[in-house]
Amino acid sequence: MDLLNNLVLGFATAASPYNLLFCFIGVILGTLIGVLPGIGATATIAMLLPITFQLEPVSSLIMLAGIYYGAQYGGSTTAILINMPGESSSAVTAIDGYQMARKGRAGAALSIAAIGSFFAGTVSTILVAVFAPPLTAVALRFGSPEYFSLMIVGLVSSVALAHGSVVKALGMVVLGLLLGLVGTDIYTGTPRFNLGILELSDGLNFVALAVGVFGIAEILRNLENEHDRDVMIKKVTNLWPTRQDWKEMTAPILRGTVIGSALGILPGGGAILASFASYTVEKRISNTPGEFGKGAVAGVAGPESANNAGAQTSFIPMLTLGIPANPVMALMIGAMIIQGIVPGPNVATEQPALFWGIIASMWIGNLMLILLNLPLIGLWVKLLTIPYYMLFPAIIAFCSIGVYSVNSNVFDLYAVAFFGLIGYGLAKLRCEPAPLLLGFVLGPLLEEHLRRAMIMSRGDPMTFLNRPISLGLLLLAAAVLVVVLLPSIRKKRDEVFVED
Amino acid sequence: MLKLFTSLAATAAIALISGSAFAQGYPERSITMVVPFAAGGPTDTVTRLVAESMSKDLGQQIIVENVGGAGGTLGASQVAKADPDGYTLLLHHIGMATSATLYRKLPYDTLNAFEYVGLVTDVPMTIVAKKDFEPTDLKGLVEYVKANADKITLANAGIGAASHLCGMLFMSEIKTPLTTVPYKGTGPAMTDLLGGQVDLMCDQTTNTTKQIKGGTIKAYGVTSAKRLDALPDVPTVAEAGLPGMQVGIWHGIYAPKGTPAEVTQKLSGSLQKALKDPDIIARFAELGTVPSTDAEATPAGLKSKLESEVTRWKPVIEAAGQYAD
Amino acid sequence: MGERFRPFFIASNGRGEHMRNLSFSSRDLICGALFIFIGLFFAIQAYGLELGTALRMGPGYFPFVLAGILILLGIIVIIQGTQLQHEPMGPIAWRGMLFILPAPILFGLTVRGLGFVPSLFLTGLVAAFASTKMRPGTALLLVGGLTLFSVIVFSYALGLPFRRFGPWLGQ
């Protein structure tokens, strides 16, 4: 039983007191930094990368992995508490999580996120251990036509993110797609929409955009009418999920885990779609889709599980191919190279202790996180009892530090202010930021894969239909379009009147 | 007239004296070394390894700061504008030379905005193809590519990337234009090569060595002068009949124009020591590269390298007609 | 336009019941116009780039198509808006915008020159005055604590490459 031996080796490595310590340090650091608003997993790892260079390779990677999960947990925490997602994935959590918090159910929302993530983390760790090599082979069959079709599924589904006007949500997706294209066209090197600004030649900074349209806009909304409106929360009711919550979250967690695990394996941006896809599915099959956007338990449980499962399985292409699935994985590869390990197909056989040690530490890290975070929930919720006018200067300060620390560029801070203004304006116009963010992330990918597929097929558009996986995805997109769009158009009139 | 001359000379002398007095105490505080790329990339890796070793020698910490963006030109222009006091340095790769042509509007003058510290290393490239690609050696590859030019796809990691430069050179050497498929970074390009979605690529050993050893891609040649210890079975391009393909991704350390010569000399000496650090030699070997020699790791060595490379790439890039701005 | 912008200092209940019976929504009108305006901006910019063909797309092709869709969506938003009743936009956070938006920029502009500590202190202070509830004493205390916390966490613990006090202060 090879797998068993490998896992034993892995746990023996990861559970050595020294490595446990670094796993713990990583998880704590990740959580703490991730909880600071405006600083997501990518920024956190970029900031903390240098301090891992002095360690043993295994320990440093275990610590980095811990920082990664920790920052993701932390990012979800700020998304729920103050509507400030640090990553595209937690943008979805913010939709219903923040509404739960406003209803005084921040504790329950945080617990649900933690429990869902832990379950998904456990299942997907097993998946990574058992299926890493064969799954990699599947992922490699995804060429540009397949990715293009996958992105189409994602975009079509994004309508479900809207809880107001569908047309406005579509407009926000398209606006996001356009903003995502700002920068340099990779095919010709032509600069596009950069208004002659050199800093824009690599495109807009995601963190700056997210902090602006979500965080700053939310602060401005809260400052609108300080005298009449009590900004935050009703009284915090219960910290833990109720019996009813447990019932509502179980199925979404299971579905989210499956969706996230599957999408995370795709190296070309599948993991980005995980939380969005899960949200769409939950809203579709829910008996009370009207609850979504107003604090639905399933709208937190599903995406958070999918997100964590995807984060976990995105290690598969990294560990088996040496290919980064997202910016965080790229940083991890950088850390490995500095440690003298070049990730690639041979890591598993040449460095079994390292390979399996990391896999085992994934689970240990998740376990530590839930043990650490459940007690911390009480503390986070207490943060909300600090008067808002004392909280937001800190939010602004941390956002500034976080955004600046990534590229050391003032321009990114101009972008924060600019998108804060835009985001506030859009919020006033009842346009929601989550579809915009999805469009922003997918825009460049969509165009890249479309054009690459056309180049490789020598200009034959049938390439999307001739390839079975691509065809299947397009059919799925068509089905989603019919199912999602028709009833929403029919219900349009009613929905407009139920806006809050 | 004479008065003017003497006063000028006096000013110069004072400047010189104060310069050397200043340099004697150097470094008195921590030094910032700017990498014009994101943390975790190959250039960042090289920088951090070297910076750590040089810190030990200089007795002051060298802080690595990532100022990414615009193909490295943002970080470079930031250093060009920094105080020339030796406390802000730049570690940049071959892009320093190619951006002089790739960007028609640079905010700094490549050949006149910097003082030189020294050449750090030269990372060779490999010509690689998907696993089941037909040709068995470089000669066969060239013939096959020429015969099937309209069917072959050549991947690169985006305008200005090492793989883009090497690909342009390859096409100009065999005088056959191919369909180039740009990617956003090396990762996705390598994924498609592994999956057989594209046919060919030319990329740094940093990215390809593991895959070649693992047998997941096919290697036709390395662009270094000698075979690599890490890949003893792969012939050099010169052996295989394409001597003009000799190319490497070289890295150098720069300081803003006006930095006292004493400072750059001191840094250069420290760099030479760092490059003899067994740890650095071992890490570089894993990346498929070797540290620069003492002669190369000098201000003069880097200066002549930069100048010759600007001249070398200008016609290649202009012939391809692709610019980054 | 059915609505007027009210200055922040005029109290409002934020509900505006009296505005219920408009024949069209100024919110949707603005929103639609914004979509159309942004769409036009991108369309014009994209048209200046090489469009190429569907088979070999230039850098302008995909954004041009998207911009067209955005303009179309903007028109639909306006049309739909004329048929429905909407609540008005409520008060605008003028004071908030005045103080919140410049704060991050201030940080970016001064962090190199002044150094991390004074720069962050100023940033926090400016942001703090976005709230009418903030009193000067509280603000100084709050921002001082915030700066201390950040210096410990970011500068000492994480070792971010910020100078604590910069060259503008004669250091």
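Every residue gets a Cβ built from N, Cα and C, even glycine.
TrEMBL: automatically predicted annotations, no manual curation.
In TrEMBL this protein carries:
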type	residues	note
DOMAIN	A:20-438	domain 'DUF112'
TRANSMEM	A:20-53	transmembrane segment
TRANSMEM	A:108-132	transmembrane segment
TRANSMEM	A:169-188	transmembrane segment
TRANSMEM	A:203-220	transmembrane segment
TRANSMEM	A:253-277	transmembrane segment
TRANSMEM	A:323-342	transmembrane segment
TRANSMEM	A:354-380	transmembrane segment
TRANSMEM	A:386-404	transmembrane segment
TRANSMEM	A:411-427	transmembrane segment
TRANSMEM	A:471-489	transmembrane segment
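Most Cβ pairs under 8 A with the transmembrane segment (A:203-220) among the ranges A:20-53, A:108-132, A:386-404 are made by A:386-404. The transmembrane segment (A:108-132) shares more Cβ pairs under 8 Å with A:354-380 than with any other stretch in the list A:20-53, A:169-188, A:354-380, A:386-404, A:411-427. Proximity of the transmembrane segment (A:354-380) to the transmembrane segment (A:411-427) is not established, fewer than 3 Cβ-Cβ distances being under 8 Å for residue pairs spaced 6 or more apart. Within the same chain, residues 155, 158-159, 161-162, 194, 200-204, 209, 426, 431-433, 435-444, 446-448, 451 sit at least 6 positions outside the transmembrane segment (A:169-188) and bring their C-beta atoms closer than 8 Å to a C-beta of that stretch. Across the domain 'DUF112' (A:20-438), the model assigns an average pLDDT of 81.
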